[in-house]
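Record features (Swiss-Prot):
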CROSSLNK  Lys111  ubiquitin cross-link
CROSSLNK  Lys143  ubiquitin cross-link
CROSSLNK  Lys226  ubiquitin cross-link
CROSSLNK  Lys264  ubiquitin cross-link
CROSSLNK  Lys277  ubiquitin cross-link
CROSSLNK  Lys277  SUMO cross-link
CROSSLNK  Lys283  ubiquitin cross-link
CROSSLNK  Lys285  ubiquitin cross-link
CROSSLNK  Lys292  ubiquitin cross-link
CROSSLNK  Lys302  ubiquitin cross-link
CROSSLNK  Lys309  SUMO cross-link
CROSSLNK  Lys325  ubiquitin cross-link
CROSSLNK  Lys326  ubiquitin cross-link
CROSSLNK  Lys399  ubiquitin cross-link
MOD_RES   Ser31  phosphoserine
MOD_RES   Ser43  phosphoserine
MOD_RES   Ser68  phosphoserine
MOD_RES   Ser376  phosphoserine
MOD_RES   Ser387  phosphoserine
REGION    246-365  region 'Self-association'
REGION    322-343  region 'Leucine-zipper'
ZN_FING   389-419  zinc finger
Amino acid sequence: MSRPPWKSPLCEMVQPSGSPAGDQDMLGEESSLGKPAMLHVPSEQGTPETFQRCLEENQELRDAIRQSNQMLRERCEELQHFQGNQREEKAFLMQKFQEARDLVVRLSLEKRELRQQREQALKEVERLKTCQQQMAEDKASVKAQVTSLLGELQESQSRLEAATKERQALESRARVASEKARQLESEREALEQRHSVQVDQLVLQNESMEAALRMERQAASEEKRKLAQLQVAYHQLFQEYDNHMKSSMVSSERNRGLQLEDLKQQLQQAEEALVAKQEVIDKLKEEAEQHKIVMETVPVLKAQADIYKADFQAERQAREKLAEKKEFLQEQLEQLQREYSRLKTSCQESARIEDMRKRHVEVSQPPLAPGPAHHSFHLNPSSQRRSPPDEPPKFCCPKCQYQAPDIDTLQIHVMECIE
């Protein structure tokens, strides 16, 4: 069984005894502590006074031993109390206290050896004193270690508090950062939604513009086709007119040929303008494809869409101008057709009159004198009708009746006047 913790070998080193043998032992111990002359008297020579004195000395020694035992008990209890407190406070100090306990055990063994070897008691006591001093030094060192450990503990506690405060600050900063990240995420999602809506709107606007461009191209192709049909009709009309003019009148053919050449030049210019507009349309289509490629850059795409819209409006205005010019040319063509019809009618009338004159000449051939007069009478309307083509053509604005010197000036003036 394990002995109680408060009972150590140090407490059992010296126990007072009331027996004479115990007194003699204690007397022997006291004689070894400093009174050897009084204890080495033979027992057979002792007197009652000597015995009484020995008893008194024995009592004094017992008191001294009791006091020393009490002091040792107190020190042992103090050491045990200190050891228990240190064991409760710091577990790793058990090694030092274990060394002290081993030292106490060794001292108890030495005390037993002192009981067996009384002649070495003083040396053992001195060694005990030395051991006590060593224990005091160890105690001081242990106290210093405990003080340093307490300082380290306080420092670690202060560091722990600082780390706790820093952790709390970091947690608050992390919460703020997480809130800010959530806000930024929501803003980013809203911005992405707005950008996606803007991109969809721009895509729809681009598709509508492409559809309008396709419609404009279809309208341009339709107008070109109509213009080609008009040109074919014009060429046919011109051929008929040319044939008729060759058969009817040579001088009018030359003047009308010049006018038709001018009309051909106008038609050629209109065709060139159509080709140029077709090139512009192709260029706009390429720009639209480039706009599709650059769709990711929304601000640049928006600016390009504005430019594209302006170009589209300019193209529409140019097409409107071209349509007006085409209408003007068509009106001129209709006017030429009407003039051709009028000339054809006049030629037919003149031919009919000539036939009537010939028949009249054949019927009334004897009176020859009136013939030239009648011939001149019938030729005057023809000559009067032929005289206007001999005159230079008049380039007149149909809107403000401006007289232009040539066809180019008239075209420029008509475009400005229409605008």
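Cβ coordinates are placed from backbone N, Cα and C, and glycine is handled just like the others.
Mapped onto this structure are the features recorded in Swiss-Prot.
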residue: Lys111; record: ubiquitin cross-link; Cβ neighbours (10 Å): 20
residue: Lys143; record: ubiquitin cross-link; Cβ neighbours (10 Å): 12
residue: Lys226; record: ubiquitin cross-link; Cβ neighbours (10 Å): 12
residue: Lys277; record: ubiquitin cross-link; Cβ neighbours (10 Å): 19
residue: Lys283; record: ubiquitin cross-link; Cβ neighbours (10 Å): 11
residue: Lys285; record: ubiquitin cross-link; Cβ neighbours (10 Å): 14
residue: Lys302; record: ubiquitin cross-link; Cβ neighbours (10 Å): 14
residue: Lys325; record: ubiquitin cross-link; Cβ neighbours (10 Å): 18
residue: Lys326; record: ubiquitin cross-link; Cβ neighbours (10 Å): 21
residue: Lys399; record: ubiquitin cross-link; Cβ neighbours (10 Å): 11
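Among the recorded sites listed here, namely Lys264, Lys302, Lys325, Lys326, Lys326 has its C-alpha nearest to that of Lys226 (ubiquitin cross-link). Taken together, the residues of the zinc finger (389-419) have an average pLDDT of 74. A 10 Å cutoff on Cβ-Cβ distances gives Ser68 (phosphoserine) a total of 14 other Cβ atoms nearby, all chains included.
Cα spacing between Lys264 (ubiquitin cross-link) and Lys111 (ubiquitin cross-link): 147 Å, rounded to the nearest whole number. Around the Cβ of Lys292 (ubiquitin cross-link), the same chain contributes Asn206, each under 8 angstroms and 6 or more positions distant in sequence.
When Cα-Cα distances from Lys285 (ubiquitin cross-link) are compared across the recorded positions Ser68, Lys143, Lys302, Lys325, the shortest belongs to Lys302. For the region 'Leucine-zipper' (322-343), DSSP puts the residue distribution at 22 helix, 0 strand, 0 coil.
Look at the recorded sites Lys264, Lys309 and count other Cβ atoms within 10 Å of each Cβ; Lys309 has the fewest.
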